[in-house]
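Asks: Per TrEMBL, region 'Disordered' is recorded for 1-65, 157-186. Taken from TrEMBL, the feature compositional bias 'Polar residues' covers 10-25. The feature compositional bias 'Basic and acidic residues' is assigned by TrEMBL to 26-39, 161-171. Residues or ranges marked as compositional bias 'Low complexity' in TrEMBL: 41-65. Feature annotation from TrEMBL assigns domain 'FAD-binding PCMH-type' to 216-304. Residues or ranges marked as FAD binding site by TrEMBL: Pro248, Phe249, Gly250, Gly251, Gly252, Thr253, Ser254.
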Amino acid sequence: GGRAAAEQRMATTPSTAPPVRSSTAPRERLARISSHVDGKAASSSSDSANRSSSGSSSSSTGSSLAGRRALQHLKWNGWGFKDTRLRLNAASGLIELTGNRYLFSGHVLPDIRKFGEEDGGMTFDRRLNTDTPVQVPQPTVNKPFVAAIREQLPALAVDHGSNDNERRSSDAEDAAVAEAESPPPRLSFDIDERLFHSHGHTLQELWVLKTSSGPLQRTVDAVLYPSCHADVEKAVAAATAHNVALIPFGGGTSVTCALLPPAEESRMVVSVDLTTMARVLWVDRENGVVCVEAGARGAALEEE
């Protein structure tokens, strides 16, 4: 939701105003969420008398960005979706927004170039060479931790993936893997997944990904996809017992460098991807409170 709104604000021209949100929008969104509730109020305590449990799963948008599927749609070295970018039209010299996801997608943005040149000091006659693949270090594997996770999560699927640094998965390969992948809980050592989960979205982090010609100093060593709160508790217990570092991962758009593993970290580092945990657990109608799992995206909740 925030990303789409930012695109809309950026793309607004004097002749086109962004959509006006109704003052009742929050209430309408809560009503939509409530429509998924089965109507049975919890009765374990007076405090929860007005809470209704919900088995609602995430919407199509949320599920399409959950787990490894995010690699199909999102840029690994930049903000946003792979099909959405600002493109310079060589014939007209104007900026276009590609894709079809947002209000201004597929349209020319006549004032963006002028704004960039006059107010931002930008130039449009230089191109950045981003063809050199990023080199990802070999993973550090704590075998007792992996064994403990397998024991604690009997349904766990372990994907050793590819460690070939020359490989960057195509969309077709990503789609095939996504269709065949096991449901969570899942532990992956795949190089693309490790790289995707090893950075946030500060300009510094993205610049390194776009310009680096040598190996990265540090990446996460594996990615764990829990399916529920109990999976997370078991992962934390195993990591504590075997001295493994865990980094929680949500949308991946951190701008505080919180997703960067410290270069000097010698322990195994595991990214805990929470995106498959996106269910609405309960709605408190009286107090206007909703309990949602940690991996839910704002846009998906609005669709709900």
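From the backbone N, Cα and C atoms, a Cβ is placed for every residue, glycine too.
Bear in mind that the values here come from a model prediction, so they are computed numbers and not experimental data.
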Asks: Please determine which of the binding-site residues listed here (Pro248, Gly250, Gly251, Gly252) has the lowest count of neighbouring CB atoms within 10 Å.
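Replies: The binding-site residues Pro248, Gly250, Gly251, Gly252 were compared, and Pro248 has the fewest Cβ atoms within 10 Å.
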Asks: Since the record lists Thr253, Ser254 as binding-site residues, which of them has the fewest other Cβ atoms within 10 Å of its Cβ?
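Replies: Fewest other Cβ atoms within 10 Å, among the binding-site residues Thr253, Ser254, is found for Thr253.
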Asks: Using Cβ atoms only, which residues of the same chain lie under 8 Å from Phe249 (FAD binding site) while being at least 6 residues apart in sequence?
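Replies: Non-local contacts for Phe249 (FAD binding site): His197, Val223, Leu259, Ser271, Val272, Asp273, Leu274, Thr275.
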Asks: When DSSP states are grouped into helix, strand and coil, how many residues of the domain 'FAD-binding PCMH-type' (216-304) land in each?
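Replies: Taking each residue of the domain 'FAD-binding PCMH-type' (216-304) in turn, the totals are 20 helix, 23 strand, 46 coil.
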Asks: Around the FAD site formed by Pro248, Phe249, Gly250, Gly251, Gly252, Thr253, Ser254, which additional residues qualify by having Cβ within 8 Å of the site's Cβ center?
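Replies: Other same-chain residues with Cβ inside the cutoff are Gly200, Leu259.
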